[in-house]
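Over in TrEMBL, the protein carries these features:
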type    : residues                                : note
BINDING : 3, 4, 5, 6, 7, 8, 9, 10, 11, 12, 13, 14 : NAD(+) binding site
DOMAIN  : 1-196                                   : domain 'Mannitol dehydrogenase N-terminal'
DOMAIN  : 203-360                                 : domain 'Mannitol dehydrogenase C-terminal'
Ligand SMILES: NC(=O)c1ccc[n+]([C@@H]2O[C@H](COP(=O)([O-])OP(=O)(O)OC[C@H]3O[C@@H](n4cnc5c(N)ncnc54)[C@H](O)[C@@H]3O)[C@@H](O)[C@H]2O)c1
Ligand SMILES: O=P(O)(O)OC[C@@H](O)[C@@H](O)[C@H](O)[C@H](O)CO
């Protein structure tokens, strides 16, 4: 079986590539990073190491790479014959990979390549649906009809902390032991693809919101509050009692939203939160607050991990969630020299003030209660 995976980065190699390999696929990674692609084609294998005391290792072989900027035709050819297509490139990059996926699907139609599923593995609600929207924009009416019939874009939720890497060999990846890949079974076309350890569910929305508004809200809270207090890593930040209490308070607020909305058992949800805090504290992982806080314009968007649960909280409980407000205020002060979004945000805050900057980034009116509370706290 052949898999085409866009994005040979941390989660691509450390999670999706590993699981696809373990499920029997030869994985062709598509990326724009020439060094990574050359190394994949030279080594044709890499190691995934677990960040725990045992440091268990997995050997991933039968892998190769295609540089999509240099060899777009090879990507189109690979998609036309693939048994599965996946992405882990970042939410903002989906629109950039969509044209090549569209070309690959056109070719697949021409050669009667049959059904296939395209799964976006990004930290966002509705990632595959968003990708499909961009793909369809590149197709004509007849091609769209064929895609509707033959190509599934099931949404998915992926959870595994994979920090930035610092290993002797470029391709090797150190990952946390925990992992969860949940896929919407209702969005599939044809036979369900064989993916070891993936969970196929009919109620993906509950899984993705639980993950994004707990793991990622908690992670962002730890990163932004930790960064403001001068800590360099997530483990250092969460070890501070004041940071931890604020993170727990934040997850209490998102937990109230989630348990009300989806009827989760409150004790089980609390246990889920505590397990996540334990994952943040993993002493075998060095995860920079700068990585976890990256792209604050995206993270302050209306559908993302901070503003979306805050809006639902206001709607459900008629009150502004104080901890989420504190985290948003910290996010507005996040600056990383390597992160262009943070530099843009800094400039916006300096030029327009925090209220106008937050209003613009979140899409909320200046007199919205969340904007008013964030401005007061700022
Ligand atoms: N790292 C994690 O802990 C983690 C966990 C779950 C989900 N995610 C999600 O996975 C996605 C990737 O995150 P990551 O941490 O692996 O980032 P990363 O930066 O390590 O990897 C992204 C890869 O995409 C490549 N890329 C960029 N533009 C491309 C293009 N046009 N075509 C092909 N490849 C392109 C980059 O060169 C890079 O190798 C994000 O949506 C992230 O939210 C990450
Ligand atoms: O990838 P982002 O930028 O959306 O979020 C940063 C981290 O919170 C994220 O990568 C987590 O490590 C991951 O989502 C854990 O499953």
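A Cβ is built for glycine as well, from the same backbone N, Cα and C atoms used for every other residue.
Heads up, TrEMBL stuff is auto-annotated, nobody curated it.
Among the binding-site residues 3, 7, 9, 11, 13, residues whose Cβ is positioned under 6 Å from ligand 1 are identified as 7, 9, 11. Around residue 5 (NAD(+) binding site), the same-chain residues six or more apart in sequence whose CB sits under 8 Å from its CB are 12, 16, 17, 20, 27, 28, 29, 30, 85, 86, 87, 88, listed in sequence order. Cβ crowding, taken as the number of other Cβ atoms within 10 Å, peaks at 7 among the binding-site residues 7, 9.
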